[in-house]
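Asker: Taken from TrEMBL, the feature disulfide bond applies to Cys41-Cys478, Cys52-Cys89, Cys62-Cys78, Cys414-Cys428, Cys448-Cys705, Cys491-Cys503, Cys569-Cys574, Cys590-Cys621, Cys595-Cys604, Cys627-Cys632, Cys629-Cys675, Cys654-Cys663 (among others). The domain 'PSI' annotation in TrEMBL covers 40-90. TrEMBL lists 48-478 with the feature domain 'Integrin beta subunit VWA'. Annotation comment: TrEMBL describes 654-742 as domain 'Integrin beta subunit tail'. Sequence annotations record features per position, and here TrEMBL assigns domain 'Integrin beta subunit cytoplasmic' to 766-812. Under the heading transmembrane segment, TrEMBL lists 743-765.
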Amino acid sequence: MLFYDSENYCCPFIAVCLQPWWEGIENDGCFCCVCADGNECTKASAQSCGECIQAGEKCGWCTDEDFLKQGEQKSTRCDEIEALIKKGCSKASIEDPRGTVTVNKNQSLTDRTKDGVKLKPDQITQIQPQKLTLDLRSGEAQTFNLTFKRAEDYPIDLYYLMDLSYSMKDDLENVKNLGTDLMFEMQKITSDFRIGFGSFVEKTVMPYISTTPAKLLNPCTSDQNCTSPFSYKNVLSLTADGSQFNNLVSKQQISGNLDSPEGGFDAIMQVTVCANQIGWRNVTRLLVFSTDAGFHFAGDGKLGGIVLPNDGKCHLQENMYTMSHYYDYPSIAHLVQKLSENNIQTIFAVTEEFQPVYQELKNLIPKSAVGTLSSDSGNVIKLIIDAYNSLSSEIILENSRLPEGVSISYISHCKNGVSEKGENGRKCSNISIGDQVTFEVAVTAKGCPSNGKSETIKIKPLGFTEEVEIVLNFICECECHEDGIPNSPACHFGNGTLECGACRCNEGRIGRVCECSKDEVRTEDLDANCRMDNGTDICSNNGDCVCGTCECKKRDNPEERYSGKFCECDNFNCDRSNNKLCGGHGRCECRKCICDANYTGSACDCSLDTSTCLASNKQICNGRGTCECGVCKCTDSKFQGPTCEICPTCPGVCTEHKDCVQCRAFGTGDKKDTCEKECSYFSLIIKKKKEELPQPNDQPYINHCKERDANDCWFFFTYATKNDSTVEVHVAEELECPSGPDIIPIVAGVVAGIVLIGLALLLIWKLLMIIHDRREFAKFEKEKMNAKWDAGENPIYKSAVTTVVNPKYEGK
């Protein structure tokens, strides 16, 4: 990536961004400037105030009729607010409408019981506020908070939808007592609970069922008594009577079909959209879908010759779905839409074999849960309770379809200070009854959606009937638009509307004040007015000739612009210093630098400020030079440095004044005879000890000196030049003289050294003798071991042993 400063020069070490259109980029720990895409306001080339404010939230329109300079286009009125002020437009003349948020309905959150009175379901408030109006300016987000609180004892409607194919025979026996048992358990959660029951099998056409007359009467084997196949049947609408549930369900019979997947999606669709027949209230709606098989979905109906898509409408007659042979199965997306519209939360109670299939389906259906059903549905109550607790503890916000050009974002503020953005910003989990959570909602419009007409969107928590209504009004025009003067004389004899300080031309007219017809734009006579000094270049090749007037081109950099009657001027082709336009100390007007105060030169690179030339003694260039453009020019050849204070061949201050200080303070030294004559140029102050001398912080420009006299003694003094140019010297009376040698330690040291050296030599001699003796002894031992002695026998020696052999012995 290339990095640039504000003048388009590479700047790998630039520390700050110098102009507002350059964005800060961190590069190897250094903050540099990289060219941004540009100013959206100037890029829009807006011809009216309305077009300008639609370009972006930072854009403003200058209504001052005298704002435009010669050669500038009408679109120059549209820019960022700071840029317009910088160009000379007063803040009062800038149109910059802002969006607003108005709360129209804001009822307080309530529980089921209020002041000891149990409220009706439609009187309970769980989300606040309930209605708002937003005035949206293009690009400007309008933010508001939605608060949700789970009400205690909130009513629940539960519809149990069961697969009655033959494989669910044993499950039906356990469900027959579900009504009273489930009613008992749900009373622990809510005092207002209703339950209903429905069943499904399959579409009543081949190849899903057998259509032979016998099989239509009894689809099971001859020894089994089964009811005729059907698609969906509403057995019991929602009721608070659990015993009625048990009574009706106990009368149900198993049916049968041919293929393994069932027609459950048809049943779910009818249960969802037939609100009156099912008896749904505007409360928490739960649909328990119980099966041990898979499902058919959109497109599978072709196997039975059914090609019409599901219409998503209610077709129940006498509680039976009558159009299963006519409409295809619904798609998953269609089901999701209808379940969401009707605030129904689905619980899939399926056997372990089909868990993976329904887990994938759950991921596609918001506010749904999956539970593992035992082989005989014996655990269905626990499954429903667990699934309800899981669903009700999660809040998910959903909005209706947004108008084109409108976007919405959420930030959730959940329990324990947890906040999320993006898709997770719609959700809060682990919400208990009485818990309160907040969602920060931001709505943004781009341009002028719906041609400026008001739109209404709705936001609601999934699974709940309450919703927030939001009316969107779009700011597409400025306030000054209403004050426009049609056919204004200021617009070339009434050829346009004077609106917001500029002319909005009538059809067929162009020009800054609508002075030309479109047919006259390219005539030679008009072009001649755009040539400077009768030259050949039209508008200096920096603009277009419109109606005999130059309209200068725009640059990619919005701060760079052409101007002048013939676009002959610009504000970016001036002299540069240190790669900066006008040295960074002036502005460029018509290719000449207009320098800031205290700067001069063609590139404003010469500073008139002399503070940089002040020496440590507060003199300009130490009195030995002149200050030119903020830099010292030393006139004394011996001196150098930024303030002419460095003199490599000059003695130091201490050495230079040593003799005078010595003669005046102590009456000694080389100048003691001429002291009064040569050393009266400073005032002398005597101190007893060197610690009493002035310290560096006591007064500025002080030199601390330490010098040696003829007796090798050190004396200490300070030399300082005061603001009135007088010299002040402080001297310490106490000298530091070297003391004579101490004889006794020296003699003792020499004697001790001689003794120690003698002992060391004796020890070395003794060690060498021991080494030598050991070597001689070792040599003797070795020769002793190598000696050879005579080994012959003694001639007078006789053995004491006599051997006798028996002559008769034969060795047996």
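Quick reminder: no glycine exception, Cβ is built from N, Cα and C everywhere.
No curator has checked TrEMBL annotations; they are predicted automatically.
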Asker: Just the number: how many Å between the Cα atoms of Cys503 (disulfide bond) and Cys62 (disulfide bond)?
Answerer: 13
Asker: For the domain 'PSI' (40-90), give the DSSP counts of helix residues, strand residues and coil residues.
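Answerer: Going through the domain 'PSI' (40-90) residue by residue, I get 21 helix, 7 strand, 23 coil.
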Asker: Do any of Cys41, Cys414, Cys569, Cys590, Cys604, Cys621 (disulfide-bonded residues) have a CA within 10 A of Cys627 (disulfide bond), and if so which?
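Answerer: Close disulfide-bonded residues: Cys621.
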Asker: Take the C-alpha atoms of Cys675 (disulfide bond) and Cys414 (disulfide bond) and report the distance between them in angstrom, rounded.
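Answerer: Each residue's Cα considered, Cys675 (disulfide bond) and Cys414 (disulfide bond) end up 90 Å apart.
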Asker: If I restrict to non-local contacts, at least six residues apart, and a C-beta distance under 8 angstroms, what lies near Cys78 (disulfide bond) in its own chain?
Answerer: Cys41, Thr42, Ala44, Ala46, Cys49, Glu51, Cys52, Ala55, Cys59, Gly60, Trp61
Asker: Just give the helix, strand and coil counts over the domain 'Integrin beta subunit tail' (654-742), going by DSSP.
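Answerer: Helix (H, G, I), strand (E, B), coil: 20 helix, 27 strand, 42 coil.
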Asker: Who sits close to Cys621 (disulfide bond): which same-chain residues at least 6 apart have their Cβ under 8 Å from its Cβ?
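Answerer: Spatial neighbours, sequence-distant, of Cys621 (disulfide bond): Cys613, Ala615, Cys627, Cys632, Lys633, Cys634, Thr643, Cys644.
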Asker: Please list, in sequence order, the residues in the chain of Cys654 (disulfide bond) that are at least six apart in sequence and whose C-beta is under 8 Å away from its C-beta.
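Answerer: In sequence order, the residues whose Cβ lies under 8 Å from that of Cys654 (disulfide bond) (at least 6 apart) are Asn703, Cys705, Lys706, Glu707, Tyr719.
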Asker: Restricting to the disulfide-bonded residues Cys414, Cys478, Cys604, which ones have a CA within 10 Å of the CA of Cys62 (disulfide bond)?
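Answerer: Cα filter at 10 Å returns nothing.
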Asker: With Cβ-Cβ distance below 8 Å and at least 6 positions apart along the chain, what are the contacts of Cys590 (disulfide bond)? List them in sequence order.
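Answerer: Those within reach of Cys590 (disulfide bond), by Cβ under 8 Å and sequence separation of 6 or more, are Ser563, Gly564, Glu568, Cys569, Asp570, Asn571.
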Asker: What whole-number Å value do you get for the CA-CA distance of Cys448 (disulfide bond) and Cys428 (disulfide bond)?
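Answerer: Answer for this pair: 33 Å between alpha carbons.
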Asker: Of these disulfide-bonded residues, Cys41, Cys629, Cys632, which scores lowest on Cβ atoms within 10 Å?
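Answerer: If we count Cβ atoms within 10 Å for the disulfide-bonded residues Cys41, Cys629, Cys632, the smallest count is at Cys629.
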Asker: Can you count the other CB atoms that lie within 10 A of the CB of Cys569 (disulfide bond)?
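Answerer: Its Cβ has 22 other Cβ atoms within 10 Å.
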Asker: With an 8 Å cut-off on Cβ-Cβ distance and a minimum sequence separation of at least 6, pull the same-chain contacts of Cys604 (disulfide bond), or say none.
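Answerer: The list for Cys604 (disulfide bond) reads Ser577, Cys582, Gly583, Gly584, His585, Gly586, Cys593, Cys595, Asp596, given in order along the sequence.
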Asker: Output the one of Cys414, Cys503, Cys595, Cys675, Cys705 that, of all these disulfide-bonded residues, has the highest number of other Cβ atoms within 10 Å of its Cβ.
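Answerer: Selected residue: Cys503.
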Asker: Far apart in sequence but close in space: which same-chain residues, 6 or more away, have a Cβ under 8 Å from Cys574 (disulfide bond)?
Answerer: Leu581, Cys582, Cys588, Arg591, Lys592, Cys593, Ala603
Asker: What are the non-local neighbours of Cys491 (disulfide bond), defined as same-chain residues 6+ apart in sequence with CB under 8 A from its CB?
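Answerer: Listed in sequence order: Thr497, Leu498, Cys503, Cys505, Val513, Cys514.
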Asker: Below 8 Å Cβ to Cβ and six or more residues apart, same chain only. Which residues does that give for Cys663 (disulfide bond)?
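Answerer: When sequence neighbours closer than 6 are ignored, Cys663 (disulfide bond) has Gly669, Asp670, Lys671, Lys672, Cys675, Cys679 within Cβ distance under 8 Å.
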